[in-house]
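Chemist: In case it's useful when we look at the structure, here is the feature table from Swiss-Prot:
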- LEU20, ASN27, LYS156: xanthine binding site (BINDING)
- ALA128, ASN129, GLY130, GLN131, ALA132: 5-phospho-alpha-D-ribose 1-diphosphate binding site (BINDING)
Amino acid sequence: MKLLEDRIKKDGQVIGTDVLKVDNFLNHQVDPDLMADLGHEFYRRFSNEPITKILTVESSGIAPAIATAMEFHKPLVFARKHKSLTLKDHLYTATVYSFTKKTSNEIAISRKFLSADDNVLIIDDFLANGQAVEGLMDIIAQAGATLSGVGIVIEKTFQKGRKLLDEKHVRVESLARINAFENGQVIFAPED
């Protein structure tokens with residue numbers, strides 16, 4: 001998606017050889033107009049699927065996921081990383097490792113928000129090693145729901161996440177695919 005690639009070139013910051021900082025439009029400060037465009041593009045790519053729920057992990061996946069949910073006119077459910085007094089019983093849970101934070105978290109979704117009747121579209125901000133998506137897939141399986149696909153805002157093709165999902169025959173649609181970071185610059189994969 002050229003609009004997103006242009007925004008990454010303009011405002012993204014490469015850190016080392018494997019981290020892209022996009023905190024001024026995606027995962028700290030959020031550009032609502034860009035999120036609307038991302039949601040529209042995910043809808044365009046997945047509108048042929050019988051989606052009943054949009055699923056993501058808090059917190060950086062929420063903005064593009066809510067924009068997508070608005071396009072589909074379907075509920076967004078986000079997995080919580082921290083249990084609270086209101087989220088402690090009757091849960092689906094999975095453990096996920098955060099590539100950026102280098103920590104593991106148990107994510108949880110209340111059983112009342114996901115059932116075997118659901119067709120789920122996962123939306124997330126990044127695909128690196130695929131841990132967040134795998135955790136959400138585990139929760140979908142626990143609920144007996146159907147995974148309709150995965151929408152990723154930014155995919156790092158040089159990490160193992162896509163390969164992991166391809167091996168499981170999961171449909172993945174990424175709006176920006178990055179092949180490498182070289183000399184502080186983002187090298188994008190050619191669009192299909």
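Here the Cβ of each residue, glycine as well, is placed from N, Cα and C on the backbone.
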Chemist: Per residue, counting other C-beta atoms within 10 angstroms of the C-beta, which of the binding-site residues LEU20, ALA128, ALA132 reaches the highest number?
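Modeler: Buried the deepest by this measure is ALA132.
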Chemist: 10 Å Cβ neighbour count around ASN27 (xanthine binding site)?
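Modeler: A 10 Å sphere around the Cβ of ASN27 (xanthine binding site) contains 20 other Cβ atoms.
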Chemist: Which one, from the binding-site residues ASN129, GLN131, has the smallest tally of other C-beta atoms lying within 10 Å of its C-beta?
Modeler: ASN129
Chemist: C-alpha of ASN129 (5-phospho-alpha-D-ribose 1-diphosphate binding site) to C-alpha of ASN27 (xanthine binding site): distance in Å?
Modeler: 18
Chemist: Consider the binding-site residues LEU20, ASN27, LYS156 and say which one has the Cα lying nearest the Cα of GLN131 (5-phospho-alpha-D-ribose 1-diphosphate binding site).
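Modeler: For GLN131 (5-phospho-alpha-D-ribose 1-diphosphate binding site), the spatially nearest of the binding-site residues is LYS156.
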Chemist: As a test of the contact definition, list every same-chain residue at least 6 positions from LYS156 (xanthine binding site) whose Cβ is closer than 8 Å to its Cβ.
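Modeler: Correct list: ASP18, LEU20, PHE126, LEU127, ALA128, ILE178.
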Chemist: What's the CA to CA span in angstrom from GLY130 (5-phospho-alpha-D-ribose 1-diphosphate binding site) over to ASN27 (xanthine binding site)?
Modeler: 18
Chemist: CB neighbours of GLY130 (5-phospho-alpha-D-ribose 1-diphosphate binding site) within 10 A?
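Modeler: Other Cβ atoms found within 10 Å: 25.
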Chemist: Roughly how many angstrom lie between the C-alpha atoms of ASN27 (xanthine binding site) and ALA132 (5-phospho-alpha-D-ribose 1-diphosphate binding site)?
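Modeler: Cα to Cα, ASN27 (xanthine binding site) and ALA132 (5-phospho-alpha-D-ribose 1-diphosphate binding site) are separated by 15 Å.
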Chemist: Helix, strand or coil by DSSP: which one applies to LEU20 (xanthine binding site)?
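Modeler: Going by the DSSP assignment, LEU20 (xanthine binding site) falls within a strand, counted as strand.
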Chemist: Would you mind pulling the DSSP three-state label for GLN131 (5-phospho-alpha-D-ribose 1-diphosphate binding site)?
Modeler: helix
